[in-house]
Every structure is written in C-alpha cells, then in structure tokens.
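Visitor: Take this structure, written in structure tokens, and hold onto it; I'll ask about it next.
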Amino acid sequence: MGGGGGEQQQLEVLHALDVAKTQWYHFTAIVVAGMGFFTDAYDLFCISLVTKLLGRIYYRVDGSPSPGTLPPHVSASVNGVAFVGTLSGQLFFGWLGDKLGRKRVYGITLMLMVLCSLASALSFGHTPTSVMATLCFFRFWLGFGIGGDYPLSATIMSEYANKKTRGAFIAAVFAMQGFGIITGGLVAILVSASFRAAFPAPPYGEDPVASTPPQADFVWRIILMLGALPAALTYYWRTKMPETARYTALVANNAKQAAADMSKVLQVVEMRNIGNNGGSRRPFGLFSGEFVRRHGLHLVGTSATWLLLDIAFYSQNLFQKDIFSAVGWIPKAATMSALEELFRIARAQTLIALCGTVPGYWFTVALIDVVGRFKIQAVGFFMMTLFMLTLALPYHHWTAPGKNHVGFLLLYGLTFFFANFGPNSTTFIVPAEIFPARLRATCHGISAASGKLGAIVGSFGFLYLAQSPDRSKTEHGYPPGIGVRNSLFLLAACNLLGLLFTFLVPESKGKSLEEMSGDAEAQEEAPPPLQTVL
C-alpha cells in the first residue's frame, strides 16, 4: 500500500484515540502505570527515615555522647546509589522502549523493583561495611528499575490518552508518588510504634547500648520490604496491557494491528478497511540535523528545566533539621531511643508531606488541562524563587530560637506545594507529549536523566555546600561550606534559570501528540471523526 494511504490509516487510528471518551481502562492504566512511582517515592522517603536508625545500629561508638551516625561517604552511597541507578535506567529503558516497544520491556522494570526492594531488606554481611555494600548493590538495581518506569509510564499513558484529558492522566500517574510518600510514612510510623511498644528502650543518654534494642534491625528491613507489595500486586495487569496503538501505527507501521489492540481496551467503532502501512514517512534519528532543527531546543528546554528543578527540589531537605528542631518536633538524638527517633522523624516528615507535598500533585491533575503546562510550570518556578529568597534574605530571623516558627514552616510547605503544583509535575508530563513516537521514550529518558543528575547535585552537592563556614559548627565528617543561607540564594538562582528555560518548551494543552511532534505533518486534513461508543 502506498505511503499516502498508510498515513491516512495511521491518522484514522490516532484520531480515534484523540477523541475517545474517558473510560474505565484509562483509570486502570493510571493505577498500573503509577505503581512504579509509588515504589519510587516510597523507597526514597523511607530510606531517608531509616538512615539514622542504620547509623545507630551499625556505627555506634562506645563512649560517644551522641548516637552513631552513618559516615558521610556511607550516607551518600546509601542514599545516592539509587539515584545513579535511576539515571542509568532512564536512559537505557527509554532507548529500549523505542527500540522494542513499550509493552515488551514494561514488565521488566516492575519485576526489578519488586525483587530489589525485597533484596534490599535482606541485605547481609558480617561487618557494617558489608551490610551497607550489599544494601547499596540492591538499591542500585532498584533504582535501575525505577528509572525505566519514568519514560515508559509517561509514554504509555500519553499514547493511551485522548487529547482533552491527556495532561491530567499523565499527572495522575506521577501523583502516585504522593500515595507512596504517605504510605511510606505511615508504614514507618506503625512499624516503629509497634516495635517501640513491644521492646521498650531507654534514651541514649541513659543507656547507649540498650537504647537500640536488637529487634531494631528488623524494623528498617520490614519498612523497605513492604514497599514491594503494591508493585507486585499490579504485575499481572502490567503484562496484560497491549502495546500502545501509537507505537504500533507510527513505529511498527501496522495500523491494522493498532486498531485491533485499541479495540481490546477502549470502546471505539471498528475502522474501515485498514491494512498495514507502507512505511515510516520521516525516519530521522535522534542525532540527525532534522531532529536538531525541529526538536533540539525542545530537548534542551525539557532537560534543563528538569535538571534545575531537581537541584532545588531535592536540596530542600537541607533545612528540615532547622524546622524540626526549631518547632520542637524532634528533640536531640541523645534524649531518645532509636525507635523513638525513627517514630518522631517519620511523623514529622509525613506531616510536612501531607500538608505541602501531596496537595500540589492533585492541584496539577485538576488544573493542567485547564490552565496549561506552560503557565503552571512558569508560575511554579517563579513562586519557588520568591519563597526561597524570602527564606534566605532574613534567614537568621526565621531560625532565631523561640519565635517565627510558623512563618518558616509555612514558607517551607509552600515551596514544596508550588514545586508539585508546578515544574515537578510538568517536567514529567511535557517530554511525553512533544517528541516523535519513535523517539518519545528516549527523549523522555534523556530529560528525566538530566533531572536525576540535578537530584544528585541537590542532595549531595548542596549537603556539602550548606555546611557552616565555621569548621567547629559543621556536621561530623563534613568540610566547611558556604552555609544554608548562601545555599538558598544559589537555589533561588536555579529556580530563576528554570523559569527562563521554560520558554523553550512549547505548550501542548489540547493538541494531539502528532500535532506536537510533527508525526502527521504532511496530512493537512484530519479524517472524519470516529464516534466512540458510549
């Protein structure tokens, strides 16, 4: 069949997707696709909670006035190795998803997450170093699976959705992170409270050895292990998802199979006389001049905004300790037992997430197809810049003992809110909408990997930068830095740069994927609309 007929058949299939009414399968796909992000957020949230417990269990120093803590290089490895794995997985599975198809590799990422979550909890060794080494090994591969879920889930959801509610559906997949955060916090609270009641222990200051009961070693393992359950429960449905019609029609060049796959899960009228396509019309590659001309600046925009956003977003834990100590939520470590400390940290961070982090996700879901991606991202970057400057300029006013705690807490929560009702959501959504189908997962993976590089810089680069310039006031094992206040000024600058790079990213609200990517550029007239079955 000739190329023109093939393009017409492609467009009939794609137009049917664009005008399909919202159906039950869309919501099923959100849950199935979102489980990877649930696991991602659960793991990232919980590992930050249990690191202090790991320090008490494995790095106690006899005679020390304060509990054991993970050495800086060990803490960086335990927390950061999953980021490195995620970055690698985003690039690898993004490329593989375009090469082999979304469906063929989608189950692999979830199985990696399930198995490595369980294996992380079973980390073993005769010495603290060997336990941490095995934990880091499994956390790398956990991150690798999580990384693969970024481009695949975003691409699959964008290619299943209609153009009217596509943004909300992709945002809802990403918003599963909110459920992961809250679930992680609740699990940590319940497990630590249960063990605390079953195995009472004195504060560290009273009895350093007895303050960490032997059973505490089970606590962090149970918390990490339970994160695998929701993902495992959705594995069957993930393997049953058909290949997306857009991949089959535009990349595999089989419009007939695309129509058949679509009819299995979405109720649309059977299309007329559709056969196989004659071939792909514009087979330019990622490194071609044509791609650079048409999408080069778009890729720079999506990658740079995600990079800058994650530098700022993941660095916000720098001043959590100031908030928690200032408002009295977490007393000094020596006045608590190991399980009491875990309970209090989990409770405080869960409350922050519940009030500041999670609502922003769902504001994005509700408004992204009304307001548009560009406005939400630009306003989010602007507000984050404003709030960080407001925190930085009178920083000593906010952190002075005995006052100003409510204002500091409010600004901190609003910064998280406008990150999630802003660029943290839109940087995930837009790369799945604006690139050609045959490069969509690859470009999303590149953008996401740029973001994860920013997360590494934000989490660890600024952890060193934010140390006090006075060596006597730095945390144990860290060299002097530029201080939290100056770090906040740098982060405000990152947000401002993110706002500027946002202007390189096109608005995709209400437009078809083919219109945004140019996949159907040669076809000036769309086929007559196909009516969906009610």
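Note that Cβ sites are derived from N, Cα and C of the backbone, with glycine treated the same way.
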Visitor: Going by the topological domains annotated in Swiss-Prot, do Ser64 and Leu100 sit on the same side of the membrane?
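Guide: Taking the topological domain names from Swiss-Prot at face value, Ser64 sits across the membrane from Leu100.
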Visitor: Counting only residues 6+ away from its ends, which parts of the chain sit with a Cβ under 8 Å from the transmembrane segment (217-237)?
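Guide: Same-chain contacts beyond the ends: 28, 31-32, 35-36, 38-39, 42-43, 46-47, 49-50, 53-54, 57, 107, 110-111, 113-115, 117-118, 120-123, 180, 183-184, 187-188, 191-192, 195, 339, 342.
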Visitor: Among 30-50, 295-315, 351-371, 406-426, point out the range having the most Cβ pairs under 8 angstroms from the transmembrane segment (446-466).
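Guide: Stretch with the highest Cβ contact count: 295-315.
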Visitor: Could you put numbers on the helix, strand and coil content of the topological domain 'Cytoplasmic' (427-445), residue by residue per DSSP?
Guide: 15 helix, 0 strand, 4 coil
Visitor: With Cβ-Cβ distances below 8 Å as the criterion, list the same-chain residues six or more beyond the ends of the transmembrane segment (376-396) that contact it, or say none.
Guide: 305, 309, 312, 319, 364, 367-368, 408, 411-412, 414-415, 418-419, 421-427, 430, 484-486, 488-489, 491-492, 495-496, 498-499, 502, 505
Visitor: What is the number of residues in the topological domain 'Cytoplasmic' (97-104) that are helix, strand and coil, as DSSP sees it?
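Guide: Taking each residue of the topological domain 'Cytoplasmic' (97-104) in turn, the totals are 7 helix, 0 strand, 1 coil.
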Visitor: Do we see three or more Cβ pairs under 8 Å linking the transmembrane segment (351-371) and the transmembrane segment (169-189), pairs being at least 6 apart in sequence?
Guide: yes
